[in-house]
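Among the features that Swiss-Prot reports, active site is placed at 7, with the record citing sequence analysis. Annotated Na(+) binding site per Swiss-Prot: 162, 165, 168, in sequence order, evidence recorded as sequence analysis.
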């Protein structure tokens, strides 16, 4: 069975505001199965933003695990992320999951990978998924050369990614924390 895959998730931080958004396309091989999927969520009583890319079932499994780690560690984003990455790296079942998470709270943005990496972007811009590089490049240019809000930067960057990446569409969901 082919995996569901392909998406673009982007987070932009400017000042005390962070925005995280994603497109809505879900593909199975070369077929678009859905165009309005919700791959971005607010969790932990609306204090943490999460976006996911990769296999749909795998991403939901990781999202569930991440939420339980947040609860266990009282919302401490770095600690919950590191603990999830440890489990992901060492648990036989979790090691097979093919997905990535992009998470953010008021202070920190992190990318969590299946290799056990927990990465904090230097410039407050994080991106994952097949269109992530396009969106990240656009966001960097917009952040450095405009006064747009993080939400507007995410929206414009996802649009650019959707015009370039066949696995990314123009249906966006964007969440913010301020």
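Just so you know, glycine gets a Cβ as well, placed from its N, Cα and C.
The two recorded residues, residue 7 (active site) and residue 168 (Na(+) binding site), have Cα atoms 5 Å apart. All protein chains included, residue 162 (Na(+) binding site) registers 22 other Cβ atoms within 10 Å of its own Cβ. Cβ proximity to the Na(+) site centre (mean Cβ of 162, 165, 168, cutoff 8 Å) flags the following additional same-chain residues: 8, 23, 25, 130, 131, 134, 135, 158, 161, 163, 164, 166, 167, 169, 170. The DSSP secondary structure for the residue listed as 'active site' is coil.
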